[in-house]
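Written below as structure tokens is the structure these notes are about.
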């Protein structure tokens, strides 16, 4: 057997056996880096406000001079690189929901470094997020059959995806130029929805560029194809827009409030885009579809618990304790009427309502 055939078969066996687990490991690493980067960027924005510079929400870019913000930005970039590799090895409908782990990490770190409390319900929400992510991994769809740049280009020329992308783009432009200037600083959903809608384009671009890199190392002439350059431009524009509006949201609202809501909207948009573009769900059985949806709903419930009850002071010591033989409360002491209280009794007689016919009249005797 020729050596090139042996090498090709070995690479094919390795890809079929371990590519999913490589993508899974990169997704976990990406969640840790992204969750940590939010804390660093928030600290940088807080130092910017303390220095009296123009805030990001007001159009200021003073955070570009802050070392802490750049540390968070570089950490997020490393997380996005790991996320980039995860999309190249695993389906998007698995990688994106695993971003819930970054919420767990950011919630834990924010309670230590930003002074944002994480009560008992928040910890339970984190556990629920992990459980939902595990269910989604178990029922994950198979890797899509798109293996070349030409196949990716054919998928992006599909009429359904073109209509979907145009609707998302028009909706996002309306949010940026019409709704955000009026309501962005009062409603947290405006900036987050913009980041989520743009994120649908960035994930598609990352998936396509991952396929391009794999084809490049396989010796295919991908440099001559125009699609990698188009995807690189889409990725640069989408990431810059996401960073801009995510900074505005973090500048105004609480970190434990922004990140969970952003995760839910971002994951929903990415899953919808994956269904339209890659059609990864078409090869799944009914059991796997139900399991994936159940895991996603479980993650949303965990994120909701993490966010909705974050301001409540609930701990394990505040829970009610049940005892088999509870101690009875002390009996009240009998009241004794003294001679000095006769005026009080007279006033009580005058204020007492007229007795009903069924009741016997009450007699009060006062000894002087």
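Here the Cβ of each residue, glycine as well, is placed from N, Cα and C on the backbone.
Computed from a predicted structure; not experimentally measured.
Annotated transmembrane segment per TrEMBL: 20-40 (among others), in sequence order.
Through the fold, the transmembrane segment (61-78) approaches residues 33-34, 36-45, 47-48, 51, 53-54, 243, 247 of its own chain, all at least 6 residues removed from its boundaries and within a Cβ separation under 8 Å. Annotated transmembrane segment per TrEMBL: 61-78 (among others), in sequence order.
Long-range neighbours of the transmembrane segment (84-108) within the same chain, counting only residues 6 or more positions beyond its ends whose Cβ lies under 8 Å from a Cβ of the stretch, are 19-20, 22-24, 26-28, 30-32, 34-36, 38-39, 118, 122, 126, 129-130, 132-133, 136-137, 140-144, 203, 206-207, 209-211, 213-214, 255-256, 259-260, 263, 266-267, 270-271, 273-275, 278, 280-281, 292, 295-296, 299, 302-303, 306. TrEMBL lists 84-108 (among others) with the feature transmembrane segment.
Sequence-distant neighbours of the transmembrane segment (120-140) (same chain, 6+ residues past either end, Cβ-Cβ under 8 Å): 20, 24, 90-91, 93-94, 97-98, 100-101, 103-104, 107-108, 256, 284, 287-292, 294-307, 309-310, 312, 314-316, 319. If you look up TrEMBL, you'll see 120-140 (among others) marked as transmembrane segment.
Summarising the annotation, TrEMBL assigns transmembrane segment to 160-181 (among others). Counting residues 6+ beyond its ends, the transmembrane segment (160-181) has Cβ neighbours under 8 Å at 190-191, 193-194, 197-198, 200-201, 245, 269, 272-273, 276-277 in the same chain.
Taking Cβ pairs closer than 8 Å, the transmembrane segment (188-206) reaches residues 83-84, 87, 92, 96, 156, 165, 168, 171-172, 175-176, 179-180, 231-232, 234-235, 238-239, 241-242, 245-246, 248-249, 252-253, 257-258, 261-262, 265-266, 268-270, 272-274, 277 in its own chain, all 6 or more past its ends. For 188-206 (among others), the entry in TrEMBL reads transmembrane segment.
Through the fold, the transmembrane segment (226-245) approaches residues 73, 80, 149, 152-153, 156, 180, 191, 194-195, 198-199, 201-202, 204-206, 208-209, 212 of its own chain, all at least 6 residues removed from its boundaries and within a Cβ separation under 8 Å. If you look up TrEMBL, you'll see 226-245 (among others) marked as transmembrane segment.
Using a Cβ-Cβ cut-off under 8 Å and counting only residues 6 or more beyond its ends in the same chain, the transmembrane segment (257-277) has close neighbours at 38, 91-93, 96-97, 99-100, 102-103, 106-107, 155-156, 158, 160-161, 164, 168, 188-189, 192-193, 195-197, 199-201, 203-204, 246, 249-250, 296, 299-300, 303-304, 306-307, 310. Annotation comment: TrEMBL describes 257-277 (among others) as transmembrane segment.
The feature transmembrane segment is assigned by TrEMBL to 289-309 (among others).
According to TrEMBL, the region 'Disordered' annotation covers 320-339.
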